[in-house]
Amino acid sequence: MKYILSLDQGTTSSRAVIFDKNANIKGFAKKEFKQIYPHPSWVEHDPNEIWGSLLGVMAEALANARTFPNNIEAIGITNQRETTIIWDRNTGHPIYNAIVWQDRRTAQLCDELKSKGKDKIFLQKTGLVLDAYFSGTKIKWILDNVAGARKRAEKGELCFGTIDTWIVWNLTKGKIHITDYSNASRTLLLNIKSLKWDCDLLQILDIPKSLLPELKQSSEVYGKTDASALGTEIIISGIAGDQFAATFGQACLQKGMAKNTYGTGCFVTVNIGKKPIINEQKILTSIAWGRKNSITYVFEGSVFIGGAVIQWLRDNLELFRKSGDAEAVAASVDNNGGIYFVPAFVGLGTPHWDPYARGMIIGLTRSSTKEHITRAALESIALQSFDVLTEMQNSIQEFEIKELRVDGGASKNNLLMQFQADILQCNVVRPKITETTALGSAYLAGLAVGYWESAEEITSLWKSDKIFEPSMEKSKREDLIYNWNKAIKRAKAWI
């Protein structure tokens, strides 16, 4: 039997997932890797450790599936977006650590560019706000701060890539230097209307075009792996940034369909169809995928700290031993005890876009307990997502967001999902397969080689596991939102 192998390279771990034709998981492996924090608000990864982790999980997933590499029809890749790597074109060695999407070191540069009115140019061309979140200013920082980097880049000696590009480069032993439209749309360098690297934006950031990878569809045959990676040559035929892969995996293929991925951060996407809508209200517009020479666009809202707030309570405050314990701890109290937790550890994303906000726990009294704090932390994940969806709905006049499909690790938390439905006042639907990010890239890869025949077949494979319906009293909901908004205002512009 033939399978599709999906490589899901995330912010804190690398996964390999093997799917069959019915979207059943036949093999799975996961490996965490080191988070590097050189300075406050700086976040880095070791690119070589990431590649090593992928080699490990590929072999382990194949072993768990009790199959061999020659039974893999194709490989799909999905990845943490915006995270930036620059490496030597000849040796393949990175010249600096990967600068992670959460990293805020270029916030001041973004402010300087905004003061010159450049943010409006970036918004109209890329659909993005001018923020340290995206790859463009990270590339500039490396070129400006690593000795000799700019000269080498101008000579064509260096390659830039987001994580997908780095994976394909290594899988093919440097033969292929590509990215797909979805990842490219998060760099601040792609014109999402012309579908080309934009020379004006490259000039503003002083980035040589020779650094950049070739642009590709999200579902097409790019080439084959080098035999050294898995012992045989395998077709690589799907690439999408993690949130866009999850949108595809959730079968949100029609205009108006929405999903939220609860991972390290939370990422809400709404399918807006085949034409980009540039939103002035701080909602991002991105390319979700390119397939059959057609582009699908989404609105996206990004919450920087979602499930990571639970990780922080576990590791930094040691309130519980395992992240999975958070639900039981939070459920042991009926409410948050008047506590509101704004986890702005690296600033606030959509719709606030405040890099100078910082984390805050407010409302503490002598009767406050770790249970109240844990519940407030869980609620903060849903409340931040509520802010995003409210802004999106206000920006979309032609259709109503009627349900939210959910995935990611924290979507398994029933207390959180019920609270999300209550706050949103709409159904929250969890699918049977919650590894939707990996599944989406598998679908894109499989469609390119005929493993699956059509988008309609993908839609038919999606199955609901549980529907959470809103049940909270109106007055209680309004109080929670009112106090949350007060807390957000206090956390803003802290530094």
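Just so it is clear, glycine is given a Cβ too, placed from its N, Cα and C backbone atoms.
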In Swiss-Prot, the ATP site includes T11, T12, S13, T264, G307, Q311. Which of G161, G174, G409 does it also list there? G409
Can you tell which of Y37, Y133, Y181, Y297 Swiss-Prot lists as binding glycerol with R81, E82, D242, Q243? Y133
Determine which residues of the same chain, besides T11, R81, E82, Y133, D242, have their CB within 8 A of the center of the CB atoms at the recorded sn-glycerol 3-phosphate site, and list them by sequence. N79, Q80, T83, V100, W101, R186, G241, Q243, G265
Under DSSP, is S13 (ATP binding site) part of a helix or a strand, or is it coil? strand
If you measure R15 (ADP binding site) to D242 (sn-glycerol 3-phosphate binding site) at Cα, how many Å is it? 12
Looking at Cβ-Cβ distances, which residues of the chain lie under 8 angstroms from G307 (ADP binding site) while being 6 or more apart from it? Y262, G263, T264, G265, C266, S323, I381, G408, G409, A410
Q311 (ATP binding site): secondary structure state under DSSP, collapsed to three categories: helix
Under a three-state reading of DSSP, tell me whether D242 (sn-glycerol 3-phosphate binding site) is helix, strand or coil. helix
